[in-house]
Amino acid sequence: MINLRKTHPLMKIINHSFIDLPAPSNISAWWNFGSLLGICLVIQILTGLFLAMHYTSDTLTAFSSVAHICRDVNYGWLIRNLHANGASMFFMCLFLHVGRGIYYGSYLYKETWNIGVILLLTVMATAFVGYVLPWGQMSFWGATVITNLFSAIPYIGQTLVEWAWGGFSVDKTTLTRFFALHFLLPFVIAGLTLVHLTFLHETGSNNPLGIPSDCDKIPFHPYYSIKDILGLMFLLLVLLSLALFSPDLLGDPDNFSPANPLNTPPHIKPEWYFLFAYAILRSIPNKLGGVLALLASILILLIIPFLHTANQRSMMFRPISQTLFWILTANLMTLTWIGGQPVEQPFIIIGQLASILYFLLILVLMPLAGMFENYMLKPKR
């Protein structure tokens, strides 16, 4: 009998992508995050769908509709907590996935990497519009502050902001369109994920050594499917622990108050996963300069493949580059901490130094380290 999964037009695609896919034999747990991101996306779409059934995108009822979901809908509290904390897990996996790509030189698959950066931007946009929906104080003021950044664009800025708002301030029209975007964008993310996978399967996965592995491949199933299930168990353990024991740990207390345009919170800040970029934005006193630095902090990922100077792909055997990578990691954690602090000394100067170091590491120090390591590895006569 002919094996159906190898002949059926639809099952053949699934078979080539998830069952008989040739995978390097030495990829570590750092390669688990791609599948975990896919699972996070499915969790977010499903919980979001159930929330959308009860949510109302109207300024008068949005806040109370979220309270209604938590109090009156069967397991509404659980669905809402899973959705809110699922976003945090999504970004945690995203940052680890990007970090692994930088450490092991996966960015040299340029098409896969560039689609990945576009995916990151799309997920960030989705999370931003989603944060506005509960219509709490931080939702309203976060939307006001971040959308106002478009006004820094010369000549068309203010017109652009009012066009995005649908009026002269963040109001009912803004909330309605943000809800529409928040519902639509996850499906765009799902589509881009398929493109991301298509490009990845053109080249095959990278591996910790950063060397071609065509001579030593193993089938994805059962080896890596089992490994991915282990990763899934860890993900669900952390997500459920967060959602059931401390669902508000990563949220902002100000968001428990309904949006009030007449009362500004003492310290406006986004969710934790945007704080590093927010700290870079705030570290520049000029508005346009801050917006450009904010954009550059993410878009800099697009030029990383062109800054690769080392003869070796992976950082596994490059101790100087490794040190700089972990300094970059610590620097990003510092920026995240600074983004959550009020705008006063010593936080201002720490934020400015960390922002300078962030760009310096990626644009100058890491390429120089690659060149120096090439020189050190050159056989001496």
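Placement of Cβ uses the backbone N, Cα and C atoms for every residue, glycine included.
Sequence annotations record features per position, and here Swiss-Prot assigns heme b b562 binding site to His83, His182 based on similarity to another entry. Counting only same-chain residues six or more apart in sequence, the Cβ atoms lying under 8 angstroms from the Cβ of His182 (heme b b562 binding site) belong to Gly48, Thr126, Val129, Gly130, Leu133.
Sequence annotations record features per position, and here Swiss-Prot assigns heme b b566 binding site to His97, His196. His97 (heme b b566 binding site) carries a helical DSSP state (H, G or I). Of all the Cβ atoms in the protein chains shown, 20 others lie within 10 Å of the Cβ of His97 (heme b b566 binding site).
Within 10 Å of the C-beta of His201 (ubiquinone binding site) there are 14 other C-beta atoms, taking all protein chains into account. Residues annotated as ubiquinone binding site in Swiss-Prot: His201.
Below 8 angstroms of C-beta separation, residues 69, 79-80, 82-83, 86-87, 89-90, 93-94, 96-97, 100, 182-183, 186-187, 189-190, 193, 228, 231-232, 235, 239 of the same chain, each at least six residues beyond the ends of the transmembrane segment (33-53), sit close to that stretch. Taken from Swiss-Prot, the feature transmembrane segment applies to 33-53 (among others), supported by similarity to another entry.
The transmembrane segment annotation in Swiss-Prot covers 77-98 (among others) and is backed by similarity to another entry.
Through the fold, the transmembrane segment (113-133) approaches residues 55, 57, 62, 66, 87, 90-91, 94, 97-98, 101, 106-107, 139-140, 142-143, 146, 174-175, 178-179, 181-182, 185-186, 188-189, 192-193, 195-196, 199, 270-271, 273-274, 298-299, 301-302, 304-305 of its own chain, all at least 6 residues removed from its boundaries and within a Cβ separation under 8 Å. Residues annotated as transmembrane segment in Swiss-Prot, with similarity to another entry given as evidence: 113-133 (among others).
Among residues of the same chain six or more beyond the transmembrane segment (178-198), those with a C-beta under 8 A of the stretch's C-beta atoms are 17, 37-38, 41, 44-45, 48, 52, 55, 57, 112, 115-116, 118-119, 122-123, 125-126, 129-130, 132-133, 143. The feature transmembrane segment is assigned by Swiss-Prot to 178-198 (among others), with similarity to another entry given as support.
Under the heading transmembrane segment, Swiss-Prot lists 226-246 (among others).
If you look up Swiss-Prot, you'll see 288-308 (among others) marked as transmembrane segment, on the strength of similarity to another entry.
As annotated by Swiss-Prot, transmembrane segment applies to 320-340 (among others).
Sequence annotations record features per position, and here Swiss-Prot assigns transmembrane segment to 347-367 (among others) based on similarity to another entry.
Secondary structure from DSSP puts His201 (ubiquinone binding site) in a helix.
Between the transmembrane segment (226-246) and the stretches 77-98, 320-340, 347-367, Cβ pairs under 8 Å are most numerous for 77-98. The Cβ of His196 (heme b b566 binding site) lies under 8 Å from the Cβ of Thr112, Ile115, Gly116, Leu119, each of these being in the same chain and 6 or more residues away along the sequence. When the alpha carbons of His83 (heme b b562 binding site) and His97 (heme b b566 binding site) are compared, the span between them is 21 angstrom.
A 10 Å cutoff on Cβ-Cβ distances gives His83 (heme b b562 binding site) a total of 21 other Cβ atoms nearby, all chains included.
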